[in-house]
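Next up is a structure, given as structure tokens.
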Amino acid sequence: MWQLLLPTALLLLVSAGMRAEDLPKAVVFLEPQWYRVLEKDSVTLKCQGAYSPEDNSTRWFHNESLISSQTSSYFIAAARVNNSGEYRCQTSLSTLSDPVQLEVHIGWLLLQAPRWVFKEEDSIHLRCHSWKNTLLHKVTYLQNGKGRKYFHQNSDFYIPKATLKDSGSYFCRGLIGSKNVSSETVNITITQDLAVSSISSFFPPGYQVSFCLVMVLLFAVDTGLYFSVKKSIPSSTSDWKDHKFKWSKDPQDK
């Protein structure tokens, strides 16, 4: 059902001679950016897509079922577990968006991040979120069971440039009043750039710079040879054309 285009969009497509696959795809954004939230949190989903002058409505889908909302923003005032699932949107001049996942959890604490898979040197932003934003203090972020960062008052934890050593299981804990509470554990994965990885596997770290320099020098020499040969070809051709041959009979043919 959600795969059907808006009736108005169909008319516009026919009149303009366009096909559905020619339209841009709509995009769903979360505000705030966290796709894992606690019950009672407020969540706003925004749809970015093209609209026709005649139809500025938006179609929202939750787990492939049409939602009654027709505005560009879909607001959840107090999230519940049954709000979890995939959300998509579509406008009159855009195709159905890719799904965005929303997870609603029950608990005192939740470790949040925009995503759980990062590349080397990406920045990582972690947030230890308490239910209904209850005051939280003496907060510790832990990696693989060991304390990674401590804050007397609750604060977000930033890793400016991720390395492979930052991969692992993470959770946070702290005090709400005198009650010691912890979040569920989540796994963070840091991936290595394939190009860097392939060079590193061939050469030890001490030789990688030398290898790059050799490649640059080989390229420079190869380029110089190319232009040198290219420059000499026209003159050689010209000399060949200007050269005159004289034929003489062999003495015995006389």
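A Cβ is built for glycine as well, from the same backbone N, Cα and C atoms used for every other residue.
As annotated in Swiss-Prot:
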COMPBIAS  239-254  compositional bias 'Basic and acidic residues'
DISULFID  C47-C89  disulfide bond
DISULFID  C128-C172  disulfide bond
DOMAIN    24-105  domain 'Ig-like C2-type 1'
DOMAIN    107-189  domain 'Ig-like C2-type 2'
REGION    234-254  region 'Disordered'
TRANSMEM  207-229  transmembrane segment
Taking the Cβ of C89 (disulfide bond) as the centre, how many other Cβ atoms fall within a 10 Å radius?
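A count of 27.
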Mind telling me which of the disulfide-bonded residues C47, C128, C172 has the densest Cβ neighbourhood, counting other Cβ atoms within 10 Å?
C172
DSSP helix, strand and coil counts for the domain 'Ig-like C2-type 2' (107-189)?
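Tallied per class, the domain 'Ig-like C2-type 2' (107-189) gives 6 helix, 49 strand, 28 coil.
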What's the CA-CA gap between C89 (disulfide bond) and C128 (disulfide bond) in angstrom, rounded?
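So the alpha carbons of C89 (disulfide bond) and C128 (disulfide bond) sit roughly 30 Å from each other.
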Let's see if you can do this one: DSSP helix, strand and coil counts over the domain 'Ig-like C2-type 1' (24-105), in that order.
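Computed counts for the domain 'Ig-like C2-type 1' (24-105) are 3 helix, 43 strand, 36 coil.
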Compute the average pLDDT of the predicted model within the domain 'Ig-like C2-type 1' (24-105).
96
